[in-house]
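A.B. asks: After the structure tokens below, expect a handful of questions from me.
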Amino acid sequence: MATNGGLPALDAEEKSKIPDSPSLNPTEDSPTEDSAPAHTLDPPDGGLQAWLCIAGCFLMQFVQFGLINTFGVFQDYYEKTILSTTSPDTIAWIGGVQQFLLFFGGLVVGRWFDAHGAHVLIIPGSIIIVLSLMFVSLSTKFYQLMLCQGVLFGIGSALIFHPTIAVPGHWFRRRRALAMAIVGASSGAGGTVWPIAFNELINKIGFPWALRTAGFIALALFSIGCALVRTRLPRKTPTTWAKVFQPFREVPFILLTASVSAVFWGLYSPFFYVSGRAAQLGASSSLAFYCVSFINAASTVGRMLASAGDHWGAFNVLITAASGMTIVCFAFWIPLHTVAQVVACAATYGLFVGMYIAIIPACIATTGPAHEIGLRVGILWAVVAVFSLTGPPINGAFVNKHTTTDGFVTDAGYRAVGIFTGVVCLVGAMCAMGSKFRVSGRVGGIL
């Protein structure tokens, strides 16, 4: 199993072919790879320090990725208040920039992690995110929110996300899937808790102080996380830029990249617009806020279900999840008429989203040599970043086109979001089938 962006669990045959962690580093006082005794490279697969490291990664992604998954709450709030005169597609660019910098930053952050370890990245990343939240609390203009919440938060997220999905590989081999599942569940847990917390805080102390309170909470959790996270393996020389893009010469990897890119083009749009859809159908402001939590809570369950890939096949889980998102969009999102249907749709969609995101690294591992897993994960997400940047604004344009002069979004606007997301998820499922066929020579079977 794998979690969002993390390394997958490998079977015994694969493990025998590679070192424990091909692209990971030690703390600054660790020996180099050449000088380290062989026995020091074996992961302890448990122990107090190992599990404390997992706890630290959980706390850091609970804040960082949890807040990324909460942007739908901000989208709905901005449309109704401080950016009420700004079109939804323009506001959505803030979330798009966040995701772009988060994923695309993996190319640079991964190489820095290889050379210098985790702390030189996660400590500055923590400071940047806390400052971002404080600056957002002072922002009243679109350009201010774009710089603070889009650019600044996105950079901080990249500095935290990529090291904290790599560090668990330093400590675990046999229990690696369990360790990564715990870390991966943090994003869904954060995406569940933060919208509820923001709703309560905004109603009681207002938006500015809600953001400042979140900043103080983030500072506390990041401080604990930075103290607990430890890199263990000796540092390695980063991959040269000349070798970075070699996997794009392979058809299976190209098709898998096309699959993930297509799905992520529309995947987060329901996150952005589910609150508005619920409010449009008559939901209270509190329930509309909670719809984002419903998606994230279900995605946490979906990430755990993705462990079926160990027995059923990673590509089979990926294809099933993409097909499930397609069905939800066409059969549930488009014909929605009641708030109860919105809640059910959000939970079902979140379940498939969690499965899809969690199984991606395991699929990447089947397309090439095991020692290139880290490299392939990084370059795939760099391509996906471009689609994550443009997807929400495209759907925002659909919503804006069907918005009345008094700010009311008609059913046609939200249905267009469902159609777009459903189509790109269908394309993603088909590309995944093609990638599986090129790897195994057949569409059926376990892979």
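From the backbone N, Cα and C atoms, a Cβ is placed for every residue, glycine too.
Because TrEMBL annotations are produced automatically, they should be read as predictions rather than curated entries.
Sharing the record's features from TrEMBL:
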- 1-40: region 'Disordered' (REGION)
- 50-71: transmembrane segment (TRANSMEM)
- 91-110: transmembrane segment (TRANSMEM)
- 117-136: transmembrane segment (TRANSMEM)
- 142-165: transmembrane segment (TRANSMEM)
- 177-197: transmembrane segment (TRANSMEM)
- 209-229: transmembrane segment (TRANSMEM)
- 250-267: transmembrane segment (TRANSMEM)
- 287-306: transmembrane segment (TRANSMEM)
- 313-334: transmembrane segment (TRANSMEM)
- 340-361: transmembrane segment (TRANSMEM)
- 373-392: transmembrane segment (TRANSMEM)
- 412-432: transmembrane segment (TRANSMEM)
A.B. asks: Looking at the stretches 91-110, 177-197, 340-361, which one shares the most CB pairs under 8 Å with the transmembrane segment (287-306)?
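C.D. replies: Out of the listed stretches, 340-361 contacts the transmembrane segment (287-306) most.
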A.B. asks: Could you check if the transmembrane segment (50-71) is in contact with the transmembrane segment (209-229), meaning 3+ Cβ pairs under 8 Å among residue pairs at least 6 apart in sequence?
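C.D. replies: Between the transmembrane segment (209-229) and the transmembrane segment (50-71), which are separate recorded stretches, there is contact, as judged by 3 or more close Cβ pairs.
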A.B. asks: Spell out yes or no: are there three or more C-beta pairs under 8 angstroms between the transmembrane segment (412-432) and the transmembrane segment (177-197), with each pair 6 or more apart in sequence?
C.D. replies: no
A.B. asks: Applying the under-8 angstroms CB criterion, which one of 117-136, 250-267, 313-334, 340-361, 373-392 scores highest with the transmembrane segment (91-110)?
C.D. replies: 373-392
A.B. asks: Can the transmembrane segment (117-136) be said to touch the transmembrane segment (209-229) if we require at least 3 CB pairs below 8 Å and skip pairs under 6 apart in sequence?
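C.D. replies: By the criterion, they touch.
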A.B. asks: Most CB pairs under 8 Å with the transmembrane segment (373-392): which of 142-165, 177-197, 209-229, 250-267, 340-361?
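C.D. replies: Out of the listed stretches, 250-267 contacts the transmembrane segment (373-392) most.
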A.B. asks: Could you give the residue numbers and ranges of same-chain residues that sit at least 6 residues beyond the transmembrane segment (313-334) on either side and whose C-beta is under 8 angstroms from one of its C-beta atoms?
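C.D. replies: Those are 8, 259, 263, 267, 270, 302, 306, 341, 344-345, 348-349, 351-353, 355-356, 359-360, 362-363, 365-366, 414-415, 417-419, 421-422, 425-426, 428-429, 432-433, 435-436, 439, 445-447, in sequence order.
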A.B. asks: Who are the chain neighbours of the transmembrane segment (250-267) in space, where the CB to CB distance is under 8 Å and they lie at least 6 residues beyond its ends?
C.D. replies: 318, 322, 325, 353, 356, 360, 363-364, 366-368, 376, 380, 383-384, 386-388, 390-391, 394-395, 420-425, 427-432, 434-435, 438-439
